Amino acid sequence: LQYPSYASMPPSLHSSVHFPLGLYSVTSAMFMPIFKSIIYRKACLDLSDVTGITDCDSDNSTVISSNQSIQAAANAISLWSSAAMCIGAILSSMVLGRIGDKRSHRIALLVPLTGLIASDLLLLLQWTQFQSSTLLLVLAEAVFGVCGGYVCILSSSFAYVSVKFENDEEQRSVSIARLEGSIGLGSVVGLLICSQLKVISYLYLFLFCLAVHVICLILVLLMADLRTTDSGRRQRASLWKESFEFLSKSGSFKRPLLILLAAFFACFFAFIGSSNVLLYYLMHRFTMRLSTYSIYRAAEKALSTATALFLFPFLRRHLGVGNVALAAVGMSTRAAAKAWTAIAWSETALFATLLPEAFSRFAASALRSLMAAQVRPSEQGRLFSFVALLEAVCNLLAVVFFHSLFPWSLPIMSELSFVVMAALIVPAIALLWWHRDVIESSKPEISEDQTKMTSSEEPEVTGSKA
């Protein structure tokens, strides 16, 4: 049975996953500053009897941002909320990855999007009943996490693209970079919306997010589904064995894949740490307004998106630059940006980080493409679900570590967190570069079932057309 090749499909199917992920990225970028701002105000309100501060609506209040009790309380709420989401994602990510490989990558996307809509409703309830317990914030994150969280939305999207271009490593690399670009483009739009919080009510922002997530759900329902041709031909094995067997080759662990996972972990750990404490740090050190923060982050995302969409494909296709080199560039510039954040002496100086951050998406695009090249097409869902699991664990560890380190370091060295972030990436760069030849020459082991298949077979396409 011959299935239609991707070259003959309508262009709409080629970009079907990019559009819903880009829309989701709009609200994902909005969520962090909005959620952090609500937590900040909630902590200020809950401690008003102790601190004597009654005006908790000022984003640029020096009194609020310099109060260590409020900082500690806000960090504690953030910690528990993030931990609830991460623990739920850890429990569900591998199951959804197996569903993606065995049944449908579309189903693996629908589950976390459904949980996201339920989480939106809980956040709306929290905002309309602002005096209620902060447990609603934690519960909203927990519901999203149990359904897979943002890590499963990303992993299922990357698995979808990897399976689509399973026989073309260069095209897969470029397509993953474009997927990163879609995320970045959506993030720019979301952060620019957040910069207008003075004229847009939080209630309308939550309703906007809910509407966008419903649209994403509909788009995924209309999206073409696909599976690899050998997804149903392999012998059934235990859930545990089947979920992690891609990590080994001929009975031993794949060293190149483990090196790539370690490098990804270090880079993502620094990214998550920065995402969680950057707003608190800038408010404490420079009394930065939320609108200024949103503009700064939007400019950062815009530059990194432009390089991911245009410069990365150009370097990969036309100049023949390898994925290992591109990953090393992205990781080096990210480390440089974190180091500069630590030494920046003003808001103006901080904007100099935009130049190195412009290349930071190279790391994720190149590392994901290198990891996809290490496993069989039928294991792409489990690979990216394992990466999602790694992200969830990394997120949990980073949240606990940096939300503990940052308030502790305020009296002595508030920039310590960013020094640690930069330092953690350096060994990963050295490890990746030292083993570059082994990584680039390694290929997945071909199963007996796959050797029986004809080379003309393509991934199976099912479901409705977009």
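Our numbering is plain: 1 for the first residue shown, then up by one each step along the chain.
Glycine is no exception: its Cβ is also placed from the backbone N, Cα and C atoms.
Over in TrEMBL, the protein carries these features:
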type	residues	note
REGION	444-466	region 'Disordered'
TRANSMEM	21-40	transmembrane segment
TRANSMEM	77-96	transmembrane segment
TRANSMEM	108-128	transmembrane segment
TRANSMEM	134-163	transmembrane segment
TRANSMEM	175-193	transmembrane segment
TRANSMEM	199-224	transmembrane segment
TRANSMEM	257-283	transmembrane segment
TRANSMEM	383-406	transmembrane segment
TRANSMEM	412-434	transmembrane segment
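Same-chain residues lying 6+ beyond the ends of the transmembrane segment (77-96) with a Cβ under 8 Å from its Cβ atoms: 35-36, 39, 42-43, 108, 111-112, 134, 137-152, 155-156, 239, 243, 276, 382, 385-386, 388-389, 391-393, 395-396, 399-400, 403-404. Highlighted: of the candidate stretches 21-40, 108-128, 134-163, 383-406, 412-434, 21-40 has the greatest count of Cβ pairs under 8 Å to the transmembrane segment (175-193). Across 21-40, 257-283, 383-406, 412-434, stretch 383-406 shows the highest tally of CB pairs under 8 A with the transmembrane segment (134-163). In terms of C-beta pairs under 8 Å, the stretch of 108-128, 257-283, 412-434 lying closest in packing to the transmembrane segment (21-40) is 257-283.
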